[in-house]
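According to TrEMBL, the protein has these features:
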ACT_SITE  315  active site, proton acceptor
BINDING   23, 24, 28, 168, 170, 315, 342  3-phosphoshikimate binding site
BINDING   23, 95, 123, 170, 346, 388  phosphoenolpyruvate binding site
DOMAIN    12-423  domain 'Enolpyruvate transferase'
Ligand code: S3P
């Protein structure tokens, strides 16, 4: 396991930056490209470990995928272009790959086996397996299909009307992929809106879907056509620099080409509500929204974060917790029990590691309470093998009074392989 010692106390951050492509959109662009007929060219694809796992799996499923310096080219042959794999499909650390793939494989007429790393082996897959089985899927696995390894025997699926018990774009998307292969109309009801990249991509690839209030309706038997996709910068990666720019002294960071899909911009709403010195400049775009976000050193106040904001910033909660240590007053994060089921238990990880750096943070059943105006100290911390915890701790080192040693930093390559180079490029 690699570790790094960061000595960045009182660094000033200045300059422009373009963060890597969006992880959620990168995964989906390869999936739809593989299922479509003809060529799909993807620009600004995230070459992080998770999305590379998705590419590797689709190659094992018989899809030709070329990788050049700045493009991924997928040669799709339609749904029937996927073939029974000879090898086990390994999703690595990627929950999105595992869950969305189950929805695709459930309806393909062949056998496949899906595994992932130690973290994936602990994450609940029954949230996808149970509704897929209700559509006729034949999936078996450890603890009755609750965990990987999972085996899928593809079969004919029937359309469903499924009410999601939790706000999860991964579960929603898995059922959409199954519904696209089922006869008839599948209707999915969401308790709260979650990221809608799958729905947008259906349209970008020439398919159809309908939104009716909190329902998403897809018809089976759709044929997709290959297309050109530009992946905007990942707002979940930009979030680390939004917080870094707000808490570091005399700083100004200009983040270009950031994805501004409204289902993902909770971090911007929260930072504005906390008083951040931030400007958002939206640009004209086809498909996913993009723009420039400028952040400057800010005076912040604590707030309460919960309800329908949570799915719009679920992956940003670790870095928001760090931000809240620098605000005046208390910040309460609630309705976020899903954090316990991420790459690691992110409530425990944030509370344990920020406490080691001298912060006052308390875990609650569904979130945490962060006390503001905290001076952080140096110390030895761990990422728990979770990319977002690792990056949050690296940003914490900017305001820690001493060096911060972070264990297990290789996890950061899951979503942001060049994170340290980008951070260093901004330091004056
Ligand atoms: C994702 C959905 C979210 C998010 C994850 C990516 C996606 O997970 O946390 O990083 O691409 O659909 P859930 O659907 O489990 O909330």
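Placed from the backbone N, Cα and C atoms, the Cβ positions cover glycine too.
According to DSSP, residue 388 (phosphoenolpyruvate binding site) is assigned to a helical segment. It is 123, among the binding-site residues 28, 123, whose Cβ has the fewest other Cβ atoms within 10 Å in the structure shown. Closeness to ligand 1 is met by 24, 168, 315, these being the recorded positions among 24, 123, 168, 315, 346, 388 whose Cβ falls under 6 Å from the molecule. Once Cβ contacts within 10 Å are tallied over all protein chains shown, the binding-site residues 24, 170 are led by 24. Each of the binding-site residues 346, 388 was scored by the other Cβ atoms within 10 Å of its Cβ; the lowest score goes to 346. Closest to residue 95 (phosphoenolpyruvate binding site) by Cα-Cα distance, out of the recorded positions 28, 168, 170, 315, is 170. Its own atom aside, the Cβ of residue 95 (phosphoenolpyruvate binding site) has 21 Cβ atoms within 10 angstroms in the protein chains shown. When Cα-Cα distances from residue 388 (phosphoenolpyruvate binding site) are compared across the recorded positions 24, 28, 170, 315, the shortest belongs to 315.
Within 10 Å of the C-beta of residue 23 (3-phosphoshikimate binding site) there are 24 other C-beta atoms, taking all protein chains into account.
Highest Cβ count within 10 Å among the binding-site residues 168, 342: 168. The DSSP secondary structure for residue 170 (3-phosphoshikimate binding site) is helix. Measuring Cα to Cα from the residue listed as 'active site, proton acceptor', the binding-site residues that fall within 10 Å are 342, out of 24, 28, 123, 168, 170, 342. Annotation note: residue 24 (3-phosphoshikimate binding site) sits in a helical segment as assigned by DSSP. Pairwise Cα distances among 23, 95, 123, 170, 346, 388, which the record gives as the binders of phosphoenolpyruvate, peak at 19 Å. Counting every protein chain shown, the number of other Cβ atoms lying within 10 Å of the Cβ of residue 315 (active site, proton acceptor) is 24.
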